[in-house]
Amino acid sequence: MKRFDAIITGAGQAGPSLAGRLTAAGKTVALIERKHVGGTCVNTGCMPTKAMVASAYAAHLARRGADYGVVTGEVCIDFHKVMARKDKVRFDARKGNEDWLAGMKGLTFIRGHARFESPTEIRVGEERLSAGQIFLNVGGRAVVPDFPGVGDVPHLDNVSMMELTEVPKHLIVVGGSYIGLEFAQMFRRFGSDVTVVEKGPRLIAREDEDVSAAVRDILEREGIAIRTGAECIRFFKSGDGVGVGVDCTAGTPEILGSHILLATGRRPNTDDLGLDKAGVATDKRGYVTVDERLETSVPGIFAMGDCNGRGAFTHTAYNDFEIVAANLLDNEPRKVSDRIQTYALYIDPPLGRAGMSETEARKSGRKLLIGTRPMSRVGRAKEKGETLGFMKVIADAQTKEILGASILGTGGDEAVQSILDVMYAGRPYTTITHAVHIHPTVSELIPTVFGDMQPVD
Ligand SMILES: Cc1cc2nc3c(=O)[nH]c(=O)nc-3n(C[C@H](O)[C@H](O)[C@H](O)COP(=O)(O)OP(=O)(O)OC[C@H]3O[C@@H](n4cnc5c(N)ncnc54)[C@H](O)[C@@H]3O)c2cc1C
Ligand SMILES: NC(=O)c1ccc[n+]([C@@H]2O[C@H](COP(=O)([O-])OP(=O)(O)OC[C@H]3O[C@@H](n4cnc5c(N)ncnc54)[C@H](O)[C@@H]3O)[C@@H](O)[C@H]2O)c1
């Protein structure tokens, strides 16, 4: 049995940074990783997809060259180069993480699958390790729903999408949310026919209806077919290709394509972790139950990142590390409920989100002020020739507290963060209306949108 002060399971977005803080504090740490250092984000998530989104954007802009007075000729995709560029981005990042860990004094890095033997013991293959503190950072993986015929046809997920060697002729994306829509638009721009099949009545159902509708419009303008309300999804083989039954309500009952991507959500990697041997509680979907400081039902065992169900983003996983480190090492009482919801959807133009949606704000029962502005009335967007989308901001009419914002438009992922910072500062929206922003930017219109807010029922 090898003894350590701490064991960290999973080298995703929280584990390595926590290893850095713990070893710097003089503790001995074992970090266990079964696959690739960097986890989902670096290897099969954010980084490679955003590298591919950048290639797709270059293709889109090149096709629109004439709009800007630039003569480009026929635009062709060298898919091999697109994928090689993506691989360089992710492999460089993985290597950077590996080098960082290799130079970490006090760290023992172990490759293999970790399982609990008891609340203080972990087994990796034949090796047994023990520690007084154990930190889980095991992330999640794609869900494969039990669709009829799902075992009869090949299907892709975010991992196998990274290994494609040619552009699919017709990509059928099942699931019209963050993962599905980012892949749908990029592959349309690479030249695939793309159909999105979503069982719900609209795309990205967590967003407001006006946001869903505008996103649908953006995608349909590029020739992406969208089938919402697909309640009867089933799969079958069709010649060399695949078929997806959608039928039920409207449109053609079946779609024939060359490839299927399943993007129907994620599940935590907690089913094969021996949690029962440690007595660590999970909810019914397998997410590890944690308190405000991210400690599990077993004192001394903590869970960070996607596996605790308190966030599903790289920045929330990293913030989990910060919360744990602050409480355990800095005597600073940070808690997960201090976090304000924020994220972006990286279609083009992107959707930047902070705080509540309008639907959530209305449910809160507060008196609201809401301001909106189409991107076609934002100078910066006009100059760039990228005028799709709109901004929406929401405030409490009585307290002037900023409740939320959605910026669907060019630069929306960056611009929304100026609002987020004022929310963290706990300042009223008048802080923004009194601020002077740089001209010409998308952000310069944010004070105007707050200034133009109207009361809603
Ligand atoms: C296609 C896609 C695009 C995304 N884009 C974005 C984005 O743009 N922005 C964003 O914020 N988020 C994005 N995400 C989400 C983001 O990738 C995750 O939220 C983030 O990676 C979660 O980090 P984590 O540390 O919790 O888990 P992970 O990064 O998944 O790391 C967990 C690690 O634990 C290891 N592991 C699991 N079980 C064991 C075990 N038993 N023993 C040893 N090791 C184990 C795994 O191999 C993995 O390396 C995207 C996700 C996908 C799939
Ligand atoms: N830009 C980003 O930050 C980014 C990008 C990609 C992924 N992510 C993260 O990854 C997570 C997972 O993304 P996702 O898009 O896979 O999942 P999701 O949970 O956001 O959406 C799943 C979609 O699939 C649909 N669906 C679910 N079950 C279905 C079924 N049986 N049949 C048909 N449709 C079904 C749902 O209605 C929903 O639209 C997100 O929550 C997000 O946190 C983030």
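Glycine too: its Cβ is placed from the backbone N, Cα and C atoms.
Some features that TrEMBL has for this protein:
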type: DISULFID; residues: Cys41-Cys46; note: disulfide bond
type: BINDING; residues: Lys50, Asp306; note: FAD binding site
type: DOMAIN; residues: 344-447; note: domain 'Pyridine nucleotide-disulphide oxidoreductase dimerisation'
type: ACT_SITE; residues: His439; note: active site, proton acceptor
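When the disulfide-bonded residues Cys41, Cys46 are compared by the number of other C-beta atoms lying within 10 angstroms of their own C-beta, Cys46 comes out lowest. Comparing the recorded positions Lys50, His439 by how many other C-beta atoms lie within 10 angstroms of each C-beta, the top residue is Lys50.
Ligand 1 lies under 6 Å from the Cβ of the following recorded positions, listed in sequence order from Cys41, Cys46, Asp306, His439: Cys41, Cys46, Asp306.
Following the DSSP three-state reduction, the secondary structure of Asp306 (FAD binding site) is helix. All chains included, 32 other C-beta atoms sit within 10 angstroms of the C-beta of Asp306 (FAD binding site).
The residue listed as 'active site, proton acceptor' falls within neither a helix nor a strand when secondary structure is assigned with DSSP, and so counts as coil. Recorded residues Asp306 (FAD binding site) and Cys41 (disulfide bond) have their alpha carbons 11 Å apart, per Cα-Cα distance. Taking the C-alpha positions, the distance from Cys46 (disulfide bond) to His439 (active site, proton acceptor) comes to 31 Å.
Helix, strand and coil counts from DSSP across the domain 'Pyridine nucleotide-disulphide oxidoreductase dimerisation' (344-447) read 38 helix, 30 strand, 36 coil. The CA atom of His439 (active site, proton acceptor) is located 34 Å away from the CA atom of Cys41 (disulfide bond). Cys41 (disulfide bond) sits 10 Å from Lys50 (FAD binding site), taking the CA atoms of both as reference points.
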